[in-house]
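Quick notes on the structure that follows.
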Amino acid sequence: MNFEGKLIGKDLKVAIVVSRFNDFITGRLLEGAKDTLIRHDVNEDNIDVAFVPGAFEIPLVAKKLASSGNYDAIITLGCVIRGATSHYDYVCNEVAKGVSKVNDQTNVPVIFGILTTESIEQAVERAGTKAGNKGAEAAVSAIEMANLLKSIKA
C-alpha cells in the first residue's frame, strides 16, 4: 500500500507560529504561507497565527498549539541571519531541535519554515524574490503532511 498526502486544504485547520524578529522578512514569509493555504482551499477562518518575539521561542508555542488537538498542522516561520558572534549557531541548532522534538512528541506535522541565512540578501531572496517564498513552500508541506497522516490513520 502506498500513502501520499494530497494538496487539498479543504477542512484543514492550520496554525502558524511566526517570529517578530526580522519582521521585514518574516512578514513576507507569513504572507506567502497564508496565501498558499487559501489558494489550496484552507478556509481563512481555519488559519490561526501566533506571534513570538524571536525564533528561539517558536518551539514552545508550536508545542502548545500542537498539543491542543485543534490543528492538523503547524507551520513555523522565522529568520535567523548570521552575525559576528556564535549566537546564530546556538539559536539555529536549538530551534531546529525544538521543532523536531515537537513533531516526535505530538504526532502533529510541524513544518520548519525558518530561514537560516548567511546574509540579509539571502533572506530577502528566500522571502519572495529570487529563490521563491519559503513560507509558501512550508504551507504546501503542511497541507501534504496533514493529509498524509490522515490517510495513514484511516
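Placed from the backbone N, Cα and C atoms, the Cβ positions cover glycine too.
Of all the Cβ atoms in the protein chains shown, 18 others lie within 10 Å of the Cβ of Phe56 (5-amino-6-(D-ribitylamino)uracil binding site). According to DSSP, Phe56 (5-amino-6-(D-ribitylamino)uracil binding site) is assigned to a helical segment. Look at Swiss-Prot and you will find Phe21, Ala55, Phe56, Glu57, Cys79, Val80, Ile81, Phe112 tagged as 5-amino-6-(D-ribitylamino)uracil binding site.
In the three-state DSSP scheme, Thr85 ((2S)-2-hydroxy-3-oxobutyl phosphate binding site) falls into the coil class. Its own atom aside, the Cβ of Thr85 ((2S)-2-hydroxy-3-oxobutyl phosphate binding site) has 8 Cβ atoms within 10 angstroms in the protein chains shown. Annotation comment: Swiss-Prot describes Ala84, Thr85, Arg126 as (2S)-2-hydroxy-3-oxobutyl phosphate binding site, evidence class sequence analysis.
Look at Swiss-Prot and you will find His87 tagged as active site, proton donor, backed by sequence analysis.
Here the candidates are the recorded positions Ala84, Thr85, His87, and by Cα distance the one nearest Ala55 (5-amino-6-(D-ribitylamino)uracil binding site) turns out to be His87. Rounded to a whole value, the Cα-Cα separation of Glu57 (5-amino-6-(D-ribitylamino)uracil binding site) and His87 (active site, proton donor) is 15 Å. Taken residue by residue with DSSP, Arg126 ((2S)-2-hydroxy-3-oxobutyl phosphate binding site) is part of a helix. Listed in sequence order, Pro53, Gly54, Ala55, Gly78, Cys79 are the same-chain residues six or more apart from Phe21 (5-amino-6-(D-ribitylamino)uracil binding site) with CB atoms under 8 A from its CB.
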